[in-house]
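Below: one structure, written as structure tokens.
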């Protein structure tokens, strides 16, 4: 008869002395009963896997595992004896067909209210959800799960190139990793390209005009047109709502002689703009700021100027037949218009 001393994997204390009979399966059954675990493998003190009962000698010291890798009791930092609880033992996860080995403490301690913590804080809760290798089955994307597991290990968000942050964010929300969700939302926001608020050049605007069919509307709502020069341009039927034509440096936008028939420029900022002899027939300029604008000789027939600020605007020689001047912000003096 041979006898051996059995210890839990990684533990140097609280061993059990048992007799060795029959096959290796018989020894694993005895170990499971004595140590209160589901024994699947046995190692010697040097980490060698015992796969044959004949390899065991009398008075050998053996370490019993539940499927996790061998842990050397001489170097393992886990607390001894009764402190070796369910929150420090190893387990393997099968996430979408890919295996991850970690500890219960990693899944439980950092985010105790997460789904992973609830799944694994009590030993054996998910015992019926294991594959043939004993790994716990989780039907999620392994590519997005890996950054989450690493975050639970060391507290840093590290995502490899080629992995979509939005995918990691959805997994973090699914597992309830609240602190990681905040990191990911900031990272996604910082990864977005900055908005371009630079002024549009005359060359760029003319290119828009040339690329737009004559029967189609040109839409430039909210464009920044500070100091733009568009002399004699043809923008008939264009939409220029809420555009900014005012340059803080003092350079004034110049649309002298431009064809702006039917243009929608409602709410645009056009202080000091030059619209001399431009055609604005049937245009919509409601609520525009036209302070100091040059509208001399401009065709404003049937133009809607309701709510505009025309203080100090030059309207001499302009055609205001059928123009609408309702709800003006400042009085319109007769000296400003002769026609």
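Easy rule for this one: first residue shown is 1, then count along the chain.
The backbone N, Cα and C atoms fix where each Cβ goes, and this holds for glycine too.
Swiss-Prot annotations:
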DOMAIN    3-82  domain 'KHA'
MOD_RES   11  phosphoserine
DOMAIN    89-161  domain 'BTB'
DOMAIN    223-247  domain 'Pentapeptide repeat 1'
DOMAIN    253-292  domain 'Pentapeptide repeat 2'
DOMAIN    293-327  domain 'Pentapeptide repeat 3'
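For the domain 'KHA' (3-82), the model gives a mean pLDDT of 85.
Other C-beta atoms found within 10 angstroms of the C-beta of residue 11 (phosphoserine) number 20, with every protein chain shown included.
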